[in-house]
Amino acid sequence: MQAEEAEKEKASIPSSIQVTAQDVHSNQKRAPSEIIHEKVSGCSGGRGLASPDAVPKPSSLKAKDNILPIFLLCTCTLLWAVFTTFSTRNGANSGPNGSNCTGKATEGYFCICPRKTVCATEWHEVVFLMLSRCSAYFDYPLYILLFLTKCHNLRGALYRTHLREWLPVEDLHTIHTLAGTVVSVEVVWHSFWHLLRWGVGGDISFVWSHVTGRSGLVSLFLTSLIAWPMMFHKSRRDIPYGYRKAMHYLSVAWGISICFHAPKMHIGYIMGCAVGCYVLDFIYGYFMAIYFCPTLKMTRIGATAVEIAFEHPPGFVNRGGGYVYICLPWIALSEWHAFSLYKHPTREEHSSICIAVVGDWTRALHAALARPGTHSGWIYGPFPSPFSGATCHPNLIAVASGIGVTPTLGTISQLSTTHKVNVIWMTRDSDLIEYFVRTVSFDDDAWSIIFYTGKTPLLMPEDAFLRNPFLLLIEGRPSLRQDMLDIVAAIENDSLLPVEILQRASKMRSKTFNRSVAEHLQVLLQRATRTYGMSEFYQLALDFSQIEEGADMQCDSTNSEAQYRRKSLDRRPGGMNLYGFVHLILSLEEASGVKMNFDTEFLSAIFSQLDADNSGTLNIVEFEAAIQILKGVTQDVEKPIGQGLENFQKATNVVSQGARVVDLLKKRTIKSTKEEDEQVYLKDWGFMYCGGAAPVVKILKEMEVELGISLKIESFDW
C-alpha cells in the first residue's frame with residue numbers, strides 16, 4: 001500500500017523535474033561534466049547544455065593566478081643575484097690577487113668577490129656561494145609579502161577600492177602561509193651553504209666578527225621560533241595558541257635583523273619599508289580600530305560552543321562575510337582570537353560570533369559561563385575574509401563542516417535576497433544544529449542540506465522546516481561531489497533534488513519530530529546535563545527558587561499557584577523548592593523551542609517522592625536523583641509533539657515533501673518550461689568552504705580544476 005501511495009504521489013510531480021534514485025546511482029561513476037550536461041539539458045525546456053563541450057574550461061584558477069606572478073618576480077630577483085655575483089665590475093675571475101678581491105688571500109684560479117663576506121676562489125666555493133646567495137635573492141619578494149599580507153587595516157582599506165579586482169586582498173593569509181613556509185626552509189638552506197663556505201675557506205670567524213654573520217645567526221634562531229610552531233599540526237596542537245602567537249610577533253625583530261644582514265646592499269631599505277608598514281598598520285589598528293564593547297551577551301551552545309552577541313559600537317560596520325579579533329581581558333589579558341562574524345538573526349545593528357571549544361582559551365570561556373550573562377571585551381575589525389568575495393557569483397554553494405558554518409551565515413544574511421546561497425553543512429554537533437536552525441533563516445530560494453553525523457537525538461521545533469521546504473535535515477554523511485552537482489542541476493533546471501536525497505530527509509524528519517512528550521523530556525534533560533555540570537544545573541534551580549512570591553509561574557489547572565508558593569515558603573535556606581524545580585524544567589522547555597505541554601502534577605509527584613523529610617526542598621543529591629528519574633521516565637503520554645507530523649506517520653518516502661516544493665516553485669512563477677535550451681554558465685557558480693576536513697578540501701579543489709568553478713576556502717587553523 002505504501003508503495004502504491006508513493007507512486008500515485010510521485011505521478012503528481014511534473015515529469016520535467018523528476019529525478020529518480022536510479023539516475024543518482026547511475027551517475028556515481030561518471031564525470032561531472034557529463035552528469036551536469038545530462039541533468040540540465042535532459043529536462044524539457046530547462047536551462048541546458050547544448051553539448052558536453054559547452055561546459056566551460058577553467059578560465060582562471062585564482063589560487064594559482066595569485067601565486068604565479070609572485071614566483072615570476074622571485075625568479076627575476078634570483079637572476080639578479082646571478083648577474084651581480086658574476087658581473088665584471090665585482091671582480092669576477094680577477095684572480096686571487098686582483099684589486100677587487102677583498103676576501104682573505106687564498107690560492108685559487110679566480111676570485112668572485114662582490115663583498116668581503118661573499119668571496120669564492122675555488123669551484124666548490126663558487127657552488128656554495130651560488131646556492132646560498134640565489135636562495136636569498138629568490139626569497140626577497142616573499143620577505144616583503146610576509147609583512148604586507150598581515151597589514152590588516154591596509155588590506156581592509158584596499159578591499160573597499162577597485163584594486164580588489166586585481167589583488168586578492170580578501171585572501172592574503174594563503175599567500176602569507178605559503179611565503180612563510182618557503183622562507184623558513186630558505187633561511188636554513190641559505191645559512192647552511194654560507195657556513196659551509198666560510199668553514200672551508202677559513203673565514204668562519206665572520207659568524208661572530210661581522211654584522212652579516214651575527215644578524216644571520218639571529219635570523220636563523222628566530223625563524224625556528226616564528227615559523228615552525230605554526231607549520232606543523234603537532235606543534236599547533238601541543239603549544240598553546242598564546243605562546244605561538246607571541247613567538248610569531250618576533251617576526252618584527254627578524255625583519256630588523258635582515259635589514260642589517262647585507263649593509264652594503266639595498267635590503268635595509270626594502271625590508272625597512274615592509275617592516276615599517278606592518279608596524280604603522282599595527283599602531284593604527286591598536287589605537288583607531290579596536291572597539292570596546294561593554295555588553296557582550298554570552299551563551300553556551302551545549303558543551304561544545306559559545307555564542308557572543310554584541311551591539312555595534314560607534315564606527316563599527318559589519319559588511320558581511322568578514323571576521324574579527326576578540327580579546328576578553330578577564331580570560332586572558334593579551335590574547336586576541338579570530339572568529340567569523342555574522343549579522344545577528346533578530347537584532348538590528350547587532351552581530352554575533354560563534355566559538356567552538358577547542359583550546360585552553362575557549363575552554364576557559366565556556367567554563368566561565370555557567371549561566372548566560374553579559375561581560376565586557378574588545379573587538380578588533382572587521383576584516384575581509386575569503387567569503388567576502390562571494391558577491392562575484394549569483395549562484396553559490398557554501399560547504400561547511402562543524403563550526404565552519406558561521407561564515408556561511410554571514411554570507412546568507414548579506415546575499416540571500418539577491419543571490420542563491422545553497423548550503424551543505426556537515427556536523428556531528430547536535431547543539432549547533434539546534435541553535436542555528438532555531439535562530440537563523442536559511443535562504444528560502446536555494447537548497448540548504450544539513451548532514452547530521454552525531455549520535456545524540458536532536459531536539460528543536462519543526463517551524464523552520466515548515467516555513468522553508470528547501471531546508472533539509474539528513475542523517476549520515478553526504479556524497480559531497482554528487483550532492484553538489486545535484487544542487488547545480490536542480491537550480492539550473494528549477495527542479496527538485498533527486499528522490500534519494502528527499503527520502504533520507506523525510507526519514508530524518510520523522511525520527512526527529514515524531515516523539516512523545518516523555519521522549520522529548522528525556523532528550524531535553526540529557527542535553528541540559530551535558531551542557532551544564534550537575535552542580536551548575538542545581539545552581540540554576542536554586543536561582544529559580546529565589547524568585548519572589550509574585551513571580552509568574554506556569555502551571556496547569558489542577559495545581560494552583562498558591563500551592564507552589566506555600567511549599568516554597570517552607571523551604572530551608574539554600575535548598576531547592578518545588579517552585580524552582582518546576583521553573584527549571586519549564587525554562588528548559590522554553591529554551592529548546594519545543595512545546596511539550598506536560599502537566600506539572602507529574603513533576604510535583606517526583607519532588608514529593610524524593611523529599612523524604614517533608615522539608616519542602618531537595619539537596620543536590622536528591623535533585624540529581626530527580627533528574628535521573630525524569631531522564632528514564634516512561635510517562636503514559638503518547639501525544640506527538642510538533643506540527644504536521646501526521647504527514648510522516650504514514651509516509652515512507654518524500655514524495656509529499658517534493659510536492660510541497662513543486663507547489664512553492666509554481667507560486668514563485670519561476671521561468672517557464674517553454675524557454676529554449678541555453679548553456680549553463682558554470683562561471684556563474686562559486687564554491688566556498690570553511691572547516692578543517694582535508695578530504696573535503698581535496699574534493700572541492702578537484703572540482704575547481706575540472707569544472708572551472710571558483711573556490712574560496714576559509715580556515716582559522718592557526
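Using N, Cα and C of the backbone, Cβ positions are placed for all residues, glycine too.
Automatic, uncurated: that is what TrEMBL annotation is.
TrEMBL annotations:
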REGION    1-32  region 'Disordered'
COMPBIAS  1-11  compositional bias 'Basic and acidic residues'
TRANSMEM  67-86  transmembrane segment
TRANSMEM  216-234  transmembrane segment
TRANSMEM  269-292  transmembrane segment
DOMAIN    288-389  domain 'FAD-binding FR-type'
DOMAIN    598-633  domain 'EF-hand'
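Remote same-chain partners of the transmembrane segment (216-234), defined as residues 6 or more beyond its termini with a Cβ less than 8 Å from a stretch Cβ, comprise 180-181, 183-184, 187-188, 191, 194, 207, 243-244, 247-248, 250-251, 253-254, 257-258, 261, 718. Here the domain 'FAD-binding FR-type' (288-389) has a mean pLDDT of 88 out of 100. DSSP places the residues of the domain 'EF-hand' (598-633) in helix, strand and coil in these numbers: 23 helix, 1 strand, 12 coil.
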